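Worksheet for the structure shown next.
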Amino acid sequence: MIEVLLVTICLAAFPYQGSSIILESGNVNDYEVVYPRKITALSEGAAQQKYEDTMQYEFKVNGEPVVLHLEKNKELFAKDYSETHYSPDGTRITTYPSVEDHCYYQGRIHNDADSTASISTCNGLKGHFKFHGERYFIEPLKLPGSEAHAVYKYENIEKEDETPKMCGVIQKWKSDELIKKPFRLNLTPQQQESPQAKVYLVIVADKSMVDKHNGNIKKIEEQGHQMVNTMNECYRPMGIIIIMAGIECWTTNDFFEVKSSAKETLYSFAKWRVEDLSKRKPHNDAQFLTNKDFDGNTVGLAFVGGICNEKYCAGVVQDHTKVPLLMAITMGHEIGHNLGMEHDEANCKCKACVMAPEVNNNPTKKFSDCSRNYYQKFLKDRKPECLFKKPLRTDTVSTPVSGNEPLEVITMDDFYA
């Protein structure tokens with residue numbers, strides 16, 4: 001027997017729809033206010049979770065009913081997910097919060113085969129969804145005692161800076177030049193049957209990020225969760241899962257000088273990751289998030305093909321926009337470089353895919369055929385074992401890959417493109 005619980009709230013458009021409002025994504029010029037109606041199906045006798053595994057919400061967009069189906073992203077967090085910050089005296093504080101009953105979902109719109117959704121339900125509905133080929137954002141309005149939410153399109157957000165935002169990677173080499181000696185991919189029979197790649201990601205936010213949020217590290221942690229949830233929407237069709245291994249906030253001071261040169265900052269972060277982070281936190285990729293304004297139009301940089309090399313599985317990202325979707329695409333782009341993908345070129349026939357060299361104002365959240373080919377070539381040539389095995393804490397800089405044969409020595413210049 002199924003008991004259907006309906007939370008009945010009227011569906012309405014805000015009477016002053018179209019006026020300007022300041023939301024988390026910035027100043028929004030055109031929006032409508034809706035009151036979502038939650039529809040939850042519970043099995044009789046089922047244990048009530050704070051956040052159900054599946055949920056449905058109804059509301060209207062432009063007068064048309066929308067039924068939003070949501071499923072909890074159960075692979076968003078690693079089992080040993082951790083959060084780290086520092087006390088005023090510099091003591092490192094690491095906690096391991098329970099993350100099974102979390103509030104991050106992916107989904108679709110009923111009767112819209114091309115629809116997608118990436119939503120958090122932590123405090124109302126917050127995120128984005130694709131409906132009839134157009135992308136909409138939704139977030140709760142901060143009105144006491146109200147269930148009102150704003151729904152708006154990306155083009156209705158006032159742009160703070162029209163300057164094109166670029167990835168700093170310059171293409172001048174082919175990925176097969178990186179490793180001269182191929183090695184064997186040693187997988188168990190079970191891993192061979194289900195060869196789903198898993199990126200165990202640690203996000204490190206520097207002091208400038210903490211200052212930007214006035215010391216509220218929960219805001220940074222939520223930003224990280226939201227970005228990774230959205231990145232999974234991009235990566236799952238590629239057979240790749242992005243799993244949050246941890247997030248670290250430098251609440252007291254930076255552990256190296258964060259410079260306006262993205263290249264120098266990437267070098268420094270990669271060095272710190274080897275000497276510090278990798279010795280205490282299992283992961284196979286790390287991304288550095290900073291509010292530092294990088295030189296020129298650069299907002300990100302990463303080592304191409306560095307994912308399973310202990311020295312170079314890293315990238316740096318500037319917090320360049322208030323729009324969570326664009327930040328997720330930016331970090332997802334740099335992780336793509338770590339996975340061997342280069343920039344989309346004219347022949348890729350996709351101007352707004354994830355690996356486009358510029359941050360597009362209307363990204364598709366898809367990878368081009370070129371990106372798929374680069375990734376498949378990376379898997380074939382590099383045999384990246386770390387993507388198919390849970391990472392272990394290591395004190396070593398490089399790992400033997402076939403018997404006692406070590407990786408051939410690779411310099412920074414080999415990876416920096």
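The first residue you see is number 1, and the count goes up from there.
In case you wondered, yes, glycine gets a Cβ from its N, Cα and C as well.
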Disulphide partner cysteine [Swiss-Prot] for C386, chosen from C249, C308, C313, C348: C308
C370: disulphide-linked cysteine among C313, C348, C350 [source: Swiss-Prot]: C348
Same-site Zn(2+) binder from H320, H343, given that Swiss-Prot records H333, H337: H343
Of the candidates C313, C353, the one sharing a disulfide with C350 in Swiss-Prot: C353
Nearest recorded site to E334 (active site) by CA-CA distance, among recorded positions C308, H343, C348, C350, C353: H343
Structural state of C308 (disulfide bond), classified by DSSP into three states: coil
10 Å Cα neighbourhood of C350 (disulfide bond): matching recorded positions from H343, C370, C386: C370
H343 (Zn(2+) binding site) in three-state DSSP notation: coil
By Cα-Cα distance, the member of recorded positions H333, H337, H343, C348, C370 nearest C386 (disulfide bond): H337
